[in-house]
Amino acid sequence: MSLGTSDTLVYLIAIPLFSSAFLLLGGRALDRVGHLIGTAASASSFVVALIELNKMLAREAESRGVTQHLFTWINVGSFQVDATLLLDQLSICFVLLITGVGTLIHIYSISYMAHDIDRRRFFAFLNLFIAAMLLLVLGNSYLNLYVGWEGVGLASYLLIGFWNQKPTYATAAKKAFVANRVGDVGLSLAVMIAFVQFGSVTFDGVAKGIAAGSASSTALNAMGAAILLAAVGKSAQFPLQAWLGDAMAGPTPVSALIHAATMVTAGVYLISRSNFVFDNAPTAQLLVVIVGAVTLLFGAVIGMAKDDIKKALAASTMSQIGYMILATGLGPAGYAFAMMHLLTHGFFKAGMFLGAGSVMHGMNDEVDMRKYGALRKVMPITFATFGLGYLAIIGIPPFAGFYSKDKIIETAFNAGGSKGIILGCVTLLGAAITAFYMTRVMLMTFFGTKRWDAAAHPHESPWLMTVPMILLAIGSITTGFIFSNGDRLKNFLAPVVDKDHHEHETELLAPIVVTGLAMFAVAIGISIAFAKYGRKTIPASAPTDVTMWTKVARRDLLQDDFNESVFMRPGQSLTRVLAFLDKRVVDGAVSGVGAMTLRLAGDLRKTQTGYVRSYALLILLGTVAILTAILVVTL
Amino acid sequence: MNPMNYIYLSCILFSLGAAGVLLRRNAIVVFMCIELMLNAANLAFVTFSRMNGTLDGQIVAFFTMVVAACEVVVGLAIIVTIYRSRRSASVDDARLLRL
Amino acid sequence: MNSLTILGLLPLVGSAALFLLPKGSDLLAKQVALGVSIVVAIAGLGMAFSFDRSATGFQFVEKHQWIPAFGINYALGVDGISLLLILLALVLTPIVILACWHEAEGGRWSVKNFFGLILILETMIVGVFAATDIFLFYVFFEAMLIPVYFLIGGYGTGARAAAAVKFLLYSLFGGLLMLASIIGLYVISGNQLSAPTFDINALSQLSIDPVTQRILFLGFFIAFAIKAPLWPFHTWLPDAARAATPGTSVLLLGVLDKVGTYGMIRFCLSLFPEASKEFGPTIIVLSLISIFYGAFLAIAQGTSSGDGNIKALISYTSISHFGFITLGIFAFTEQSHSGATLYMINHGFSTAALFLIAGWMISRRKSERISDFGGLQRVTPIMAWSFFIAGMSSLALPGLSSFVSEFLVLVGTFARYPIPAIIGTIGIIFAALYILIPVQRALHGPTTPGNENLTDLTLREKVSIAPVIAVIIFFGFYPQPLLDVINPAASATLSALQITGITGGK
């Protein structure tokens with residue numbers, strides 16, 4: 001794949017970055033226009049992205065990628081990293097998603113955050129996030145990606161903790177950052193392995209190095225595992241998933257943009273980008289599949305038990321990303337479908353989060369779905385857009401999620417052997433559970449009886465909020481068909497993720513059978529949900545006489561309990577022990593020497609009587625002794 | 001006369017001085033004994049100078065005299081100050097240096 | 001006279017002028033000190049521009065006989081490493097003076113003496129980094145302690161006298177070991193060369209038998225490990241940081257402690273290559289212990305396990321950072337060496353920012369306990385965000401300066417010692433904890449009672465912190481100017497070690 005150059009890529013990042021800095025440094029003077037500047041910056045980036053897309057489509061499929069060299073970043077001996085941007089078929093998908101959905105969410109936030117005194121700062125952070133996320137997907141090397149990778153982590157930390165005067169929110173932000181840091185260790189290690197094995201950390205260099213066969217399979221598996229660790233941290237996959245639920249502490253637009261549509265899917269991007277590693281590292285690839293499969297069920301199970309609308313959606317996000325990770329683990333056949341699900345998910349999940357935000361906006365920031373009910377009449381637009389997102393996520397044709405999820409299930413079945421059957425069943429089970437918990441969310445929020453607090457006066461949100469929701473809903477309807485019609489997205493991405501043009505594997509089941517099975521699973525999920533939540537009235541407080549399994553699911557499958565008892569408490573004990581040892585043993589040794597010197601001095605001091613004549617006598621005796629010694633020696 | 005006799009005299013004077021420093025308590029007397037020891041050394045220097053036929057010893061003797069004079073100045077000043085504050089010239093009373 | 005001498009003498013002249021000022025002229029003293037330090041900083045930067053980046057070896061060399069009987073020379077010269085460390089000191093000094101305008105007012109002695117001592121310290125620092133004669137280095141190395149001793153003991157808080165004595169004795173102990181080694185070298189040079197010498201270039205040509213080399217190496221290394229400080233020689237640092245004023249701490253941790261790591265590169269590696277290689281793995285283990293030990297104790301300060309002292313916390317984070325620096329030095333690759341040197345500079349700036357802002361927080365709140373702060377982000381946003389940025393640099397966030405150096409150290413170490421590098425990388429998780437815990441407790445959360453009326457940074461404080469933050473951000477994105485200066489010196493040190501440079505790729 002030959003690469004052209006472009007001089008305009010940098011504007012994608014520079015515009016939101018400078019806008020962010022400007023808003024932060026400008027101070028209170030910009031409070032009145034900050035949100036407009038922020039939105040304009042994001043929109044400008046989107047326009048640049050559209051122009052780039054236009055230019056890209058005009059080029060031949062094999063030479064669509066362009067690069068822009070900015071400056072030499074680090075150059076020490078053989079370790080050379082340039083700040084270079086790379087825009088190819090894979091990154092343009094992300095760039096459009098980030099700037100497009102991002103701009104919609106900016107618009108939504110103008111109204112959503114209208115009464116917050118720090119709205120300017122909020123927009124500055126959103127812009128910072130857009131810039132960092134764009135850097136993540138535009139960097140041409142693992143190290144450039146790393147800068148964006150931690151940059152989005154920082155933006156996520158700042159935005160989760162946007163209302164950090166509330167201690168639990170501040171803790172949630174910290175938890176997210178630390179969990180992400182664990183993943184970052186993986187990315188660091190991946191860069192190191194790449195440098196030592198291939199002498200290069202660019203995607204191109206690593207791909208060429210692997211093609212030249214300069215790395216052992218152990219090294220490639222290690223690199224793959226390290227990349228997977230990074231993806232697991234950023235994308236809230238098992239076992240680093242615990243932060244995502246708490247991250248819902250951030251303002252809802254943040255949850256929509258960062259913790260549903262874009263940042264958490266960065267792991268999928270990273271694995272797809274590293275396809276050349278995983279295609280040659282079967283063990284790491286198997287790990288990817290396992291992580292994806294486990295998380296997809298893990299998130300779905302949590303989603304069934306959550307009464308907090310945002311946490312239910314977060315659990316769903318975790319589960320859907322599990323689907324994507326699973327798909328990337330299926331090799332060349334899966335990357336394009338992972339990307340497709342990622343893009344459609346970006347639309348419908350962002351739309352649903354904005355819908356949830358709209359509901360909260362009308363319900364005095366209440367998040368407990370047991371306090372909702374019958375909102376469809378008072379909030380028709382929110383209901384309609386949320387409902388379209390719902391249909392998309394559970395995979396009803398012809399909505400977006402149907403196309404993307406169906407393809408993943410199909411590819412899973414085709415993975416071959418018992419692996420294929422297990423994965424296929426897991427994805428089908430996931431689809432059923434998804435249908436169950438999303439139906440539950442719909443029923444509890446928009447149907448049934450009113451269970452509102454006395455103070456709640458639900459109302460439809462202003463147009464600044466509903467328009468982005470409507471646009472995202474349109475995306476939830478159409479994108480699936482657009483992408484999958486004639487394998488358009490798959491062919492578009494093929495030069496990047498499937499260079500060798502793998503032929504279709506043998507199909508275990510005919511596509512129509514898979515679709516039928518999936519529809520059947522979804523139908524089961526919906527009917528159980530109807531039986532449980534559609535017919536009966538829903539108690540306003542969560543029932544306590546439930547099975548142990550429900551209790552465990554409500555506690556997020558004990559993820560926090562596990563982390564606390566395995567990492568946090570022992571860690572705290574260790575710090576206490578070390579603090580004690582530092583004082584008593586390490587510093588004690590030093591002080592001990594001092595104390596010993598003092599005591600010795602105290603004892604020796606007693607020989608000093610203060611009588612001049614006894615000193616004189618000692619001097620005399622000493623002199624005599626020395627003279628005698630000299631005499632004895634010389635004689 | 002045999003120059004060795006001067007050396008013997010010098011040794012006797014030095015021993016007398018040393019004994020005085022060690023045994024007497026009055027600071028003035030101790031002080032005079034130190035002078036005695038210094039002069040004993042001077043005598044020895046001069047004698048050696050004579051015996052060796054060089055002037056080195058005599059020069060050192062002059063140095064010693066100057067040192068002795070300085071010492072008298074400083075030492076007497078200290079003794080007088082101590083006497084003023086403690087009304088005693090006994091060296092055993094001045095043991096402030098003991099911690 | 002040569003440029004380095006002038007550079008070193010200027011602050012000394014300034015301090016003499018300060019001591020001569022009449023009592024009570026505090027403001028004038030501060031202005032003079034600030035003026036002198038700014039002039040010196042500009043002179044230093046000007047000198048840096050005439051530094052030839054392509055050449056190896058010492059530049060701005062000057063040499064005068066000092067004590068010819070012992071072959072001792074007054075010999076100065078800088079290479080890339082020492083040049084940058086001198087610049088670090090020259091740039092930080094005016095910032096410290098401006099930032100700590102009122103810091104000396106609670107001291108035991110007069111305000112003008114405080115600033116006079118800082119200027120003397122600046123002279124000593126220039127001397128210690130510029131000396132190319134080991135004896136001269138030793139003189140500066142020890143003389144440096146004196147102003148710091150008075151700065152801590154005379155102007156500090158709490159148990160300042162005890163902390164100052166502990167600092168002095170601990171450093172002197174190391175210095176004596178080094179003196180013994182220096183004398184040993186001198187004797188050996190007398191045996192092997194035509195005349196005994198203290199000249200570093202001549203000494204590095206000696207061939208010393210392995211046993212002697214090991215003993216002499218340890219003499220130097222322990223002195224530098226105390227100064228750096230490396231576990232288990234670190235316990236003076238938290239005490240000193242607790243007692244010292246923030247400005248003193250900046251100079252102590254930001255600049256002075258770098259003499260330790262600088263000494264390891266300049267003396268341990270180039271004089272005792274064989275012993276360095278032999279002890280390398282052991283020192284790498286010590287470095288790893290330092291990384292985690294410092295991090296855990298910093299976390300202990302941040303949580304209920306310690307006494308929650310913010311100054312002590314910052315000093316423990318430094319122990320962790322110094323672990324990375326020594327790791328890089330003894331991993332013996334180009335990347336790790338350049339990274340370690342760059343780390344010294346970056347750590348100087350990020351720690352300076354942390355200490356200065358912590359100092360302002362303390363002087364406003366009249367407390368050093370982290371739990372007494374709280375919700376500062378609402379009350380004093382500029383101060384809080386400055387602290388946050390400094391903290392982010394300390395945890396090596398990409399885009400801020402420390403990241404480049406930390407990553408270079410790790411990637412360089414990985415090339416030679418993969419397992420230690422992996423362990424070291426895990427340390428970055430704890431870095432996140434030790435920064436985010438105090439950030440959460442001091443800046444986030446509801447406003448703690450008693451903090452409602454704290455004032456935000458004044459113009460003077462903003463002016464003094466802005467350049468530090470600007471440097472942190474600029475060199476995060478564009479470290480190449482510094483690396484261009486460092487690389488030749490780093491590879492020269494390595495080639496002297498005669499280690500085949502491990503590079504990436506096959």
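Easy rule for this one: first residue shown is 1, then count along the chain.
Using N, Cα and C of the backbone, Cβ positions are placed for all residues, glycine too.
Automatic prediction, not curation, is the source of TrEMBL annotations.
Range A:33-51 is the one annotated as transmembrane segment, of A:33-51, A:223-241 (source: TrEMBL). The DSSP breakdown of the domain 'NADH-Ubiquinone oxidoreductase (complex I) chain 5 N-terminal' (A:73-123) into helical (H, G, I), extended (E, B) and coil residues amounts to 29 helix, 13 strand, 9 coil.
Residues of the same chain lying 6 or more positions beyond the ends of the transmembrane segment (A:89-110) and with a Cβ under 8 Å from any Cβ of it are 12, 35-36, 38-39, 42-43, 45-46, 48-50, 52-53, 56, 64-65, 119, 122-123, 126, 129-130, 133-134, 137-138, 251, 253, 256-257, 261-262, 269, 272-273, 339, 342-343, 346-347, 350, 354, 357, 464-465, 467-469, 471-472, 489, 492-493, 495-497. With a cut-off of 8 Å between Cβ atoms, the residues of this chain six or more beyond the transmembrane segment (A:254-272) that come close are 90, 94, 97-98, 101-102, 105, 108, 126, 129, 133, 136-137, 145, 149, 152, 155-156, 159-160, 162, 183, 187, 227-228, 230-237, 244, 247-248, 278, 288, 310, 313-314, 317, 321, 324-325, 328-329, 335, 338-339, 342, 345-347, 349-350, 352-354, 356-357, 497. The list of residues near the transmembrane segment (A:420-443) in space but at least 6 beyond its ends in sequence, with Cβ under 8 angstroms from a Cβ of it, reads 289, 293, 296-297, 300-301, 303-304, 306, 309, 312-313, 315-316, 319-320, 322-323, 326, 330, 369, 386-387, 390, 393-395, 405, 408-409, 412-414, 508-509, 514, 517-518, 521-526, 528-530, 532-534, 538. Same-chain neighbours of the transmembrane segment (A:185-203): 78-79, 81, 84, 86, 140-143, 145-146, 149, 209-210, 214-215, 219, 222-223, 225-233, 270, 273-274, 276, counting only residues six or more beyond its ends whose CB sits under 8 Å from a CB of the stretch.
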